[in-house]
């Protein structure tokens, strides 16, 4: 039986909730076809976030890791293609850190690509009625920081990993200026992501790019 670690960030930026954390609470010990989901909570703090996930990886010894964070402004679940080696925080993280144009890993590669079948994920969720599309930018805040840091840690290991952004919850989008997604749909989507990941190592050859 395969084990999938799904991680969720704590609230940040003045929000009382984070849909990533709310989703992983529901997903803990969820059974998959041929697998099980384990979870962990991640601080929205530079470097501490990476350490928390590494600790969980070493404790659970998963086959795959899916790190998850919220993305205000996105209407779909978005598996990320690439993490870049730069921290450029528009706001401070929960530890008060606000690096500008600093590398995450000194002398590290410029970027790491997801090792998950991101296009197959997008295709499968879309066919299941859950909005999903590939994203080509994970930003430069703690989500990208974690994505890059975990990929760096796993660079010589057989554990596959990728980052997935999810929309805000309806209760976070009351101003009417941001799209949202119900927690039930987010949970269903992430469970399906996990199933795709354990079922498929290779991706489908379809367009997932954007003009700009």
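Residue 1 is the first one shown; counting continues down the chain.
Placement of Cβ uses the backbone N, Cα and C atoms for every residue, glycine included.
Secondary structure at residue 80 (active site), taken from DSSP and collapsed to helix, strand or coil, is strand. The Cβ of residue 80 (active site) lies under 8 Å from the Cβ of 114, 118, 135, 136, 137, 138, 147, 162, 163, 164, 165, each on the same chain and at least six residues away in sequence. Residues or ranges marked as active site in Swiss-Prot: 80 (among others).
The secondary structure of residue 143 (active site), as reduced to three states from DSSP, is helical. Among the features that Swiss-Prot reports, active site is placed at 143 (among others), with the record citing sequence analysis.
The active site annotation in Swiss-Prot covers 165 (among others), and the record cites sequence analysis as its basis.
If you take the C-beta of residue 143 (active site) and look for same-chain residues 6 or more apart in sequence within under 8 angstroms, you find 9, 67, 69, 71, 163, 165. Annotation note: residue 165 (active site) sits in a strand segment as assigned by DSSP.
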